[in-house]
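J.: Not my notes, these are from TrEMBL:
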SIGNAL    1-20  signal peptide
DOMAIN    24-62  domain 'Leucine-rich repeat-containing N-terminal plant-type'
Amino acid sequence: MAAFPLLLLCSLLLATSTAADQCHDDDHAALVAIDTALGSPYHFASWTPDSACCDWYDVDCDAESGRVIGLRVFQDTNMSGAIPDAIANLTFLQTLTLHHLPAISGAIPDSLAALSNLSQLTISHTGVSGPVPSFLGLLTALTGLDLSYNSLTGAIPPSLADLPNLSSINLRRNHLSGAIPTLLLSKSPDQAYLWLSSNNLSGAIPAEFATVDFAHIDLSRNALTGDAACLFGAGKSSLQHVDVSRNALRFDLSGVEFPENATYIDLSHNGIRGGIPTQVANLTNLQQFNVSFNRLCGEVPAGGNMARFDRYSYLHNKCLCGAPLTACRQRPINYLH
């Protein structure tokens, strides 16, 4: 009779180790199909029939269920072809990373819309082209989206604004055009992070951004116009990094209140007018401040942390003066006789 509990315990331990040591048959078949679609590259040399696929390089499995929840493929200049549709058969996938694979090309396949559990999607530094697919708005578990350093074209789909858990979007270094969707990241449950730099985006910065709790926003090197004051204000306590340089923005900086925790502010190469708010001198965490190549006038604020910034932070404005630039001219005194 004593042998029965021992046998039961061994069976339980075997079942646990089996789930942890080998993946589901459907996931195994999907991974084999991915390998085949990409021409069985050397990168997947560990993907052999005599080993459990949860032990394969780039594959992560859930310890309890044994299902594949992560596929992370990094740094292979020789891997070529289109993104395989078979990835969509990894139905429990939570993280998909295809990074620094410059010979991977073609469009992002519609089949990925089936990955309803996906929370992190990274396709970056590849040769992928075509649009940012609107079906991404169906992936409601998505928290982070990185499609940077590709050759994507067209507009940013408004459907991204529908995602209730999305807090980070990185689309920099593509060829995207059109306006920024007005409600982008408006539903972010946490601090928001947005990188849209080095595209061909136009139009205004959405006024709705005033209500988004940004920690980091980079809209530099586009063709954006109008006002960027909505990004600032006393209520933006989370905001640390703002870069809107090299656009065509036109607004008065005089009344802008910079966030108290800001570490990086670059407003250079625009058409911003007015003066530099004296409050900037009180931003103790500010490490980078650049307002060069604008139409600013008046005296550069003094004291506080301003000694950190040299003349290159202020060059090529309409009539800025004061240290570290040339001294301001004193106004002539009018004597009454």
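Don't overthink the numbers, they just go from 1 along the chain as shown.
Each residue, glycine too, has its Cβ placed from N, Cα and C.
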J.: Pop the mean pLDDT for the domain 'Leucine-rich repeat-containing N-terminal plant-type' (24-62) in here, whole number is fine.
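T.: For the domain 'Leucine-rich repeat-containing N-terminal plant-type' (24-62), the model's average pLDDT rounds to 95.
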J.: In the domain 'Leucine-rich repeat-containing N-terminal plant-type' (24-62), how many residues does DSSP put in helix, strand and coil?
T.: 19 helix, 3 strand, 17 coil
